[in-house]
């Protein structure tokens, strides 16, 4: 069965998560929400609660901070729509769980097998999954180049990840002020 | 009389103010410019002077740093085009005049009646006004998540405000390098 | 001979350089790559090497950190496509080679003849050149206003430069996640 994968991009508080949720709700499929966030402080806990209130009660919810490709292979099924929110927190989890952030801080070239392996696995896996996958990700590279090496590493890797995921998605949408702008349109399906 | 409200979004020095001024000038209506800036230092004074030089001499000009909805109710009239530049400085004024910035700095949940009341009043008021309102606002959430809590608060609230204002405007335009990109198009008017 | 000049805009790691390279490669013209980067540290050296690996071996390559307009007048020719990557590093070189950055740091109004002269020369020169010029530049003003005066100066001047260059280009494209969005379309050519 043909996959119909979508990437929803946007800045902070752009309405990208809400837009993705509306697409999932309108899919008519069983929805499984994959949260990549880990709740470690008060500010993040408030953000997670804010998102949770908005979601329909009958959606499945799974937390997966690191091994996203493996988790998607487990969960993907025909007539299932998986909503991954978001790739940005996943990327952050990978960079800090592995040694990438520390290497960047020390001014070294980054060589982080956890990060490289997991992101490559996602790109390889996405086109092979049944059902529909909707991935939410942040645009983070449109400001002044950050002064901290870890922030520059993050902006670079987020940008590259968005490019690679966009290349294997059927549809890519940029959201600003809650309004979608099509970057890549899925061809009409027979 | 039907309002035709527009939101003009863009990054810093994107040409969004100039684009808004061109729309106002082309409206054929009496134009009132509502400046939300307060001139407190040399850099801001230079920015304000730079904007002022560009505006036609016959435009009315009103300064309103805080109570925007009330001011718009006073000024709005049929055959009048009000240009509000900009919502970003207004938001900043509200957050610092109230206790929101201090709460964010202390790591507390933000509970700021001034900010919450004024932004809700703007959203409620906009669809009820006669004439035309053009609002200019910044996109500020497309960079790396800022390290300072006040900056994160600001990015979050600016993003939410832009979403809410966009929802009650007839037309929304994103400006980059002086060039407009339509995010929401007003339906043709009879 | 009519010039066909293009500006390719995007955030960090947006795929804008790759997009510009694909346009140059598809032009069927002799391609000259003008690098504005100066390799001064390990991180920048890695970025430059990463870009160089991707380019066809038969492209000419010229380094020009400062005097871009004069260099373009030398190099431009019918049936030649010049790819300038990028205006952002050029701007940075100008601001730090002249006295602009130091003036901004001291809270003074910026008065930098090197920067003002070179950017004015580029805007004047671009419409007069034979052949095709493709210019790559960053969007840097879509984040929170930076705290450092030099960063604010940079965001302001980059935004203004992008507006001015866009105004004298035939086509302007915004790239996000490797996908192009047309901001200004060249009219069909006879």
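Don't overthink the numbers, they just go from 1 along the chain as shown.
Including glycine, each Cβ sits where the backbone N, Cα and C put it.
If you check TrEMBL, you get these features:
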- C:10-17, C:35-37, C:52-55, C:63, C:85: GTP binding site (BINDING)
- C:51: active site, GMP-histidine intermediate (ACT_SITE)
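Between the residue listed as 'active site, GMP-histidine intermediate' and residue C:13 (GTP binding site), the C-alpha separation comes to 11 Å. Within 10 Å of the C-beta of residue C:10 (GTP binding site) we count 29 further C-beta atoms, all protein chains included. Those binding-site residues from C:16, C:36, C:53 lying by chain A, with Cβ under 8 Å from one of its Cβ atoms: none.
Within 10 Å of the C-beta of residue C:53 (GTP binding site) we count 7 further C-beta atoms, all protein chains included. Shown in sequence order, C:8, C:9, C:10, C:86, C:136, C:138, C:175 are the residues of the chain, 6+ apart in sequence, with a C-beta less than 8 angstroms from the C-beta of residue C:16 (GTP binding site).
Counting other Cβ atoms within 10 Å of each Cβ, the lowest count among the recorded positions C:13, C:51 belongs to C:51. Around the Cβ of residue C:36 (GTP binding site), 22 further Cβ atoms fall within 10 Å across all displayed protein chains.
DSSP assigns residue C:51 (active site, GMP-histidine intermediate) to a helix. The C-beta environment of residue C:63 (GTP binding site), restricted to residues of the same chain at least 6 apart in sequence and closer than 8 Å, consists of C:34, C:35, C:36, C:37, C:38.
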